[in-house]
Amino acid sequence: MTGARCPECAVVTYPAAAHCPRCGTTTEPSVLSSHGTVWSWTVQRHPPKSPPYVLPENGFRPFGVVYVELPEGIRVEAVVPPLDGVDPGTLRIGDPVQLSGRGGVPVAELLR
């Protein structure tokens with residue numbers, strides 16, 4: 001995943017911002033860590049409204065929504081897709097995760 005970093009004050013943003021929210025300097029692209037820890041979470045137990053959500057062919061299944069704290073000091077919102085036999089309600093603060101940016105929405109994979 002790529003965010004942005006301010007060359008003046010080192011603020012990191014995701015999604016990438018053209019200008020630093022702290023000092024207004026033009027930012028530079030910055031590759032973010034793909035590993036972090038769950039900072040907060042919830043479970044989406046009802047289908048989101050459509051559009052833009054499109055119900056999967058196999059029907060809706062609850063999924064996790066997490067904020068992942070990265071080593072860069074920022075938090076990124078991501079989804080934990082439904083997995084067979086895994087209850088998204090078992091997410092815990094501090095769980096290690098790996099992030100990927102499939103489809104523009106960050107996806108978190110639990111590493112426990």
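One-based numbering along the chain as shown.
A Cβ is built for glycine as well, from the same backbone N, Cα and C atoms used for every other residue.
Annotated in TrEMBL:
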- 3-26: domain 'ChsH2 rubredoxin-like zinc ribbon' (DOMAIN)
- 32-100: domain 'ChsH2 C-terminal OB-fold' (DOMAIN)
DSSP residue counts for the domain 'ChsH2 rubredoxin-like zinc ribbon' (3-26), split into helix, strand and coil:
0 helix, 7 strand, 17 coil
Secondary structure composition of the domain 'ChsH2 C-terminal OB-fold' (32-100) [DSSP: H/G/I, E/B, coil]:
3 helix, 30 strand, 36 coil
